[in-house]
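Notes follow once the structure below has been shown.
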Amino acid sequence: MKHIVKQIHFVGIGGAGMSGIAEVLVNLGYEVSGSDLSRNAVTDRLEALGARIAIGHDAANIAGANAVVVSTAVRSDNPEVLAARHQGVPIVQRAVMLAELMRLKQGIAIAGTHGKTTTTSLVASVLAAGGLDPTFVIGGRLISAGANARLGTGDFIVAEADESDASFLNLYPVIEVITNIDADHMDTYGHDFARLKQAFIEFTQRLPFYGSAVVCVDDPNVRQIIPFISKPVVRYGLSPDAQVRAEDIDARDGRMHFTVIREGRAPLAVVLNLPGLHNVQNALAAIAIATDLGVSDDAIQQALAEFNGVGRRFQRYGEVPSADGGQYTLIDDYGHHPVEMAATVAAARGAFPGRRLVLAFQPHRYTRTRDCFDDFVNVLSTVDALVLTEVYAAGEAAIATANGDALSRALRAVGKVDPVFVASVDDVPDALAGVARNGDVVITMGAGSIGGVPAKIVQNTQQKE
């Protein structure tokens, strides 16, 4: 590709999905430019690596580009997209560019409605511990690497495969993981769940005859598609028929202790430096792949025990002073679908037994809030105290029956929790100050702007000291 394409421009380069690909291309020696609406730590990092960053979208930003990379979040009337079309510069979807990177190495693609980022990070970490030095492109910041992407010298590239816009069908990896299949982003599939499941079947058809589909048999929807997968299947999970399964699971001190049972191998005692049964399942996917690729058991054990996590995935910010003179534990999480949220709440209960759980939640997208309204009410009713914000629109038009006020009224009608509603996410720190008590576990949660709240809370605390 390099002898034809020398300069590549990214529209929305600061996004999690775009920035990782951009970083790998910079490290491969391409000239990379990009634009975004505001600066952040990601754009600063890319600029330090040599990328040319512009703040704001303007036709002049694509000067000299041989290709313009966009995601489905970029509107067709974006001035840079219009300029590229006018100048005859190829407009490339993000997933297509990721597919080009996979052509350079052997691809390991992690798919599923929930758990992609953590599973991708675990796979990359375990393979790195085994000396395979993989390239990785992750939708979140791998804390141990300080980045969401890295160019390795090994044969493999590990990346997330996004089903939200069906773009994962552009990828042709040699190993695929399917963590689960749930009803999300249903507008892509005409609100037809059968079409969503069919897309995952088609995803497995991208595998070569020597490839493998590593699938979680604990998920009933994944189990249903297994008979339609024509390539070799490796089953993992907690179920008795899993070829790589966990037994003797014990949650202690925020870690998961369990024994891995693999066909033809001795049992392996593992300590995972993450809480929650869902993370045991994510780790099993990494163990299955690592075992297949010849990573030693010692390396697997070390990588999982030392795993530092991913930014915004049950990320601990430590102890914060509470208004009553004590301290509470502050955690941030990206969960925005009721299934993910329930898993995180369960993980928090297991990691901090007997402690009061306070949640500050920002719903993400009006359509998701509408489609999963009852499920949101159910999972939010399981916490001890709740601060609720208005929905983060993500470009959608407001829906009066699926906004923060409607959710608050529904929660009060159930009567298990009385939410403190704030119209703006900027008001969350003050609202939490009035709710959190000594010994509480406080989780900020959502896929929108609430991700900046924990740092503000910590900053406010430091200014008062």
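In case you wondered, yes, glycine gets a Cβ from its N, Cα and C as well.
Taken straight from Swiss-Prot:
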BINDING   Gly112, Thr113, His114, Gly115, Lys116, Thr117, Thr118  ATP binding site
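Feature map: Swiss-Prot annotations on the structure.
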residue : record           : Cβ neighbours (10 Å)
Gly112  : ATP binding site : 23
Thr113  : ATP binding site : 22
His114  : ATP binding site : 22
Gly115  : ATP binding site : 24
Lys116  : ATP binding site : 25
Thr117  : ATP binding site : 23
Thr118  : ATP binding site : 29
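Of the chain residues outside the ATP site list Gly112, Thr113, His114, Gly115, Lys116, Thr117, Thr118, Ile110, Thr119, Thr179, Asn180, Asn282, Glu340 have their Cβ within 8 Å of the site's Cβ mean position. DSSP assigns Thr117 (ATP binding site) to a helix. Mapped onto three states, the DSSP output places Gly112 (ATP binding site) in coil.
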